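Trainee: Take a look at this one; I'll ask things after.
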Number of protein chains: 2
Amino acid sequence: MTGIRQSWLDIPANSHFSLRNIPFGIISTRSNPRHRPAIAIGNYALDLLEFSRSGGFEKSGFTNISVFESSTLNAFAALGREAHRLVRSYIQAILTAGGQFPDILEQNNMLRELALLPLFSVQNHLPLEIGDYTDFYVGRNHAYNCGIIFRGPENALNLNYYHMPVGYHGRASSIVISGTPIKRPVGQILPDPTATVPVLEPSRRLDYELELAAFIATGNNMGERINVDDAEEHIFGYVLMNDWSARDVQAWEYIPLGPFTAKNFGTSISAWVVTPDALEPYKTRPLQRPAEAGVLLPYLQEKKQETVYDIKLQVEYQTAEGDKAVIANVSTQYLLFSFAQMIAHHTVTGANLRSGDLIASGTISGEDSHSYGSLLEKSQAGKVQFIIGQSTRTFLRDGDTVTFTGAADDSSGAGLVGFGEVTGSILKSDF
Amino acid sequence: MTGIRQSWLDIPANSHFSLRNIPFGIISTRSNPRHRPAIAIGNYALDLLEFSRSGGFEKSGFTNISVFESSTLNAFAALGREAHRLVRSYIQAILTAGGQFPDILEQNNMLRELALLPLFSVQNHLPLEIGDYTDFYVGRNHAYNCGIIFRGPENALNLNYYHMPVGYHGRASSIVISGTPIKRPVGQILPDPTATVPVLEPSRRLDYELELAAFIATGNNMGERINVDDAEEHIFGYVLMNDWSARDVQAWEYIPLGPFTAKNFGTSISAWVVTPDALEPYKTRPLQRPAEAGVLLPYLQEKKQETVYDIKLQVEYQTAEGDKAVIANVSTQYLLFSFAQMIAHHTVTGANLRSGDLIASGTISGEDSHSYGSLLEKSQAGKVQFIIGQSTRTFLRDGDTVTFTGAADDSSGAGLVGFGEVTGSILKSDF
């Protein structure tokens with residue numbers, strides 16, 4: 001482990017919030033209900049409002065500290081990546097053992113007391129106020145598996161699929177922070193496969209979707225495009241996402257304009273925004289583009305070869321009966337397009353992105369049933385039950401809890417760059 | 001015209017902004033660039049910031065006048081319909097000849113001078129900051145005509161079409177105020193009907209869509225539903241909308257998740273928000289539900305029979321060459337579902353609407369080629385040219401201008417309840 005910087009704080013080796021990470025979030029505490037910015041480090045949150053008010057940034061060269069007075073990270077995100085780099089590397093410096101600024105926090109008992117809060121004592125809130133939310137569909141295995149279920153193997157992937165990151169606009173108002181319960185939605189469904197007239201009932205096929213999502217730092221003007229090689233500079237950071245989906249509602253409603261009420265009832269995200277700089281060491285080549293897919297149009301061709309991350313994602317399922325198991329492990333390497341490509345495509349016709357917009361990858365699935373990012377795939381559209389301890393499932397039942405975790409690790413001993421978790425439990429419908 | 005209230009202001013008989021209307025907007029002027037609320041009356045805007053600061057509301061019973069300090073109408077909208085009714089009826093009273101409060105404005109030269117601004121001197125801005133934007137597809141003739149073009153006559157209307165207001169989430173960031181030019185989008189299109197590999201080019205099939213849209217006044221909590229009979233109480237008011245569309249991009253991208261870059265580059269709305277109270281006298285029965293469509297599910301059944309408006313819409317086309325003609329006239333009576341039904345369906349799975357959200361009807365078309373709300377229909381997907389003076393067109397050319405107007409009139413002599421216009425010109429692509 002020689003040459004690797006360590007913190008003077010005791011950071012557990014399996015912590016998602018190593019010195020390499022420094023993710024940003026919004027917290028409150030019982031003693032101070034005000035929503036305020038923070039970073040996560042080991043088992044602590046560093047309260048950036050308190051830290052900046054106490055002069056913590058005085059030696060940093062970062063002068064826009066008024067952004068930490070805000071109840072969201074929008075103002076900080078909008079400063080752009082140079083500002084995020086400056087703040088992150090300065091915070092790394094003050095947290096490093098034998099670092100440049102021991103007087104700021106390490107040797108400052110009073111500020112440590114005030115600003116360094118045990119993670120278990122903080123409540124997280126949505127990190128940014130979200131303008132528009134866009135959901136892509138670039139997990140190729142998921143798209144293929146769903147395509148077979150909805151349209152049969154011949155039409156599983158439409159002709160356009162390998163030429164563009166397919167996506168659609170989602171619902172921003174119902175994006176909630178990890179831990180928020182999700183009420184089983186009531187919607188129009190066909191009561192049986194031969195029916196042609198719908199009923200209004202609680203969804204029988206409630207599902208989750210395992211996704212990675214990016215918050216936009218700086219946008220573009222309407223009528224302009226973001227170049228694919230510049231696009232990463234527009235990203236503030238990433239969160240895990242669970243895009244809850246009612247598959248029976250979706251199957252009935254999605255032709256011809258796409259999913260609508262099947263997905264607009266709730267979408268959960270993890271609390272801590274992990275910066276592109278923290279994830280940069282975990283870039284790799286995408287796995288998923290077959291040779292026969294042909295050549296991309298130039299506006300989607302990136303100069304870099306390593307364009308996607310290798311973040312290890314995990315789905316843990318806890319049943320209402322109390323059984324618990326990890327039912328999927330998959331890497332984000334299975335994304336067909338990078339976030340830079342999603343941004344370039346999103347803006348190609350001149351749509352303007354704004355600071356605080358959220359862009360999600362679509363469900364990430366691997367090659368086999370232990371790597372599927374949705375129950376639609378795992379249960380083969382309800383045909384196959386899977387086992388969790390003493391319980392069996394095809395889709396979500398009331399009282400079940402789904403928890404996604406994700407972290408990148410290069411086994412260097414420098415620690416994990418992780419997201420913590422995004423978790424949610426299903427409440428009974430009130431219908 | 002006995003018994004009809006008249007204003008002491010000289011309001012032209014063809015004005016959209018009669019004493020019956022009193023629509024709300026956001027204005028600025030050359031002498032005062034601050035964005036501030038106003039209402040439109042005849043050829044004037046009444047500056048509500050100036051009016052309220054000068055004590056104009058003192059006899060009104062309306063005490064929340066701080067909402068008029070805002071640069072958008074969100075705070076006013078969020079007060080709910082009782083507040084809108086109070087303000088609108090009070091403003092009608094102070095503008096009525098022989099009314100209850102002649103001292104407020106009619107006899108108050110100084111306030112008239114300060115607050116009553118000629119419409120030609122004001123600049124309009126987006127009336128509300130828009131959270132989520134949803135576009136429905138409930139113009140039955142348009143859906144049928146487009147369905148034939150995209151999928152053939154057998155599959156023109158999907159099985160779900162008569163059972164629910166079909167809709168999808170749109171892009172909020174690129175909604176602009178009337179008068180904003182629209183740059184021709186560049187996007188992925190198939191270069192000819194037999195091609196299977198796309199090119200990146202300026203759209204060759206740029207189109208408009210004639211729509212009516214509603215701003216939400218008060219929302220609902222996530223996980224709750226809005227009852228169809230209560231839904232109108234959640235509407236602040238209506239605007240005309242032009243949902244610009246690149247048909248070649250749309251045809252290539254829309255399977256399976258719906259239109260995305262084909263529509264996210266720009267959407268124009270009219271400036272003045274017309275309240276449901278102003279439009280109430282123009283309610284009528286919808287025209288479009290055939291008997292064979294069957295019975296609606298109870299959550300979409302309204303107690304009222306008269307659920308849609310009879311607002312006369314008009315499309316005026318001015319070519320880059322300078323020719324000009326009205327190319328469509330159609331009534332909003334051609335909507336298959338009411339806005340109340342759209343809201344009930346939007347929230348059926350528990351999606352939360354928020355104050356400032358915008359909900360659009362989808363394109364409104366009548367029965368024949370002089371009543372189509374899009375060029376896709378008028379040109380039969382580019383197969384038929386239409387004539388405007390010395391010019392011919394199938395889709396929009398650079399330099400063309402499209403202007404929608406709309407007004408309701410019961411021929412009582414009480415004047416029009418109109419929207420003014422939503423207009424936009426096409427700029428050359430910079431590709």
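Backbone N, Cα and C define each Cβ position, glycine as well.
Straight from TrEMBL, here's the annotation block:
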ACT_SITE  A:His142  active site, proton acceptor
BINDING   A:Asp135, A:Glu209, A:Glu211, A:Asp243  Ca(2+) binding site
BINDING   A:Tyr137, A:Arg151, A:Gln250, A:Tyr254, A:Thr363  substrate binding site
BINDING   A:Asp243, A:Lys263, A:Thr267  Mg(2+) binding site
DOMAIN    A:21-127  domain 'Fumarylacetoacetase N-terminal'
DOMAIN    A:161-406  domain 'Fumarylacetoacetase-like C-terminal'
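Tell me about the setting of these features in this model.
Mentor: Taking the Cβ of A:His142 (active site, proton acceptor) as centre and 10 Å as the limit, one finds 27 other Cβ atoms among all the protein chains shown.
A:Glu209 (Ca(2+) binding site) carries neither a helix nor a strand DSSP state and counts as coil. There are 25 other Cβ atoms within 10 Å of the Cβ belonging to A:Glu209 (Ca(2+) binding site).
Note: A:Arg151 (substrate binding site) has no non-local neighbours, i.e. no same-chain residues 6+ apart with C-beta under 8 A of its own C-beta.
In the three-state DSSP assignment, the secondary structure recorded for A:Thr267 (Mg(2+) binding site) is strand. Counting only same-chain residues at least 6 apart in sequence, those with a Cβ under 8 Å from the Cβ of A:Thr267 (Mg(2+) binding site) are A:Tyr133, A:Gly170, A:Arg171, A:Ser174, A:Ile175, A:Val176, A:Met241, A:Asn242, A:Asp243, A:Trp244.
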Trainee: Including all protein chains shown, what's the count of other C-beta atoms within 10 A of the C-beta of A:Asp135 (Ca(2+) binding site)?
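Mentor: Its Cβ has 26 other Cβ atoms within 10 Å.
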Trainee: What does DSSP assign A:Arg151 (substrate binding site), in three states?
Mentor: helix
Trainee: Which site among A:Gln250, A:Thr363 has the most other CB atoms no more than 10 Å from its CB, taking these as binding-site residues?
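Mentor: The largest 10 Å Cβ neighbour count belongs to A:Thr363.
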Trainee: The domain 'Fumarylacetoacetase-like C-terminal' (A:161-406): mean pLDDT?
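Mentor: Averaged over the domain 'Fumarylacetoacetase-like C-terminal' (A:161-406), the predicted model reaches a pLDDT of 97.
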Trainee: Taking 10 A as the limit, how many CB atoms besides its own sit near the CB of A:Tyr137 (substrate binding site)?
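Mentor: Around A:Tyr137 (substrate binding site), other Cβ atoms within 10 Å: 23.
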Trainee: Run through A:Tyr137, A:Glu211, A:Gln250 for me and report the binding-site residues whose CA is within 10 Å of the CA of A:Lys263 (Mg(2+) binding site), in sequence order.
Mentor: A:Gln250
Trainee: If H, G and I count as helix, E and B as strand, and all else as coil, what does DSSP give for A:His142 (active site, proton acceptor)?
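Mentor: Helix, per DSSP.
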Trainee: What subset of the binding-site residues A:Tyr137, A:Glu211, A:Tyr254 has a Cβ sitting under 8 Å from a Cβ of chain B?
Mentor: A:Tyr137, A:Tyr254
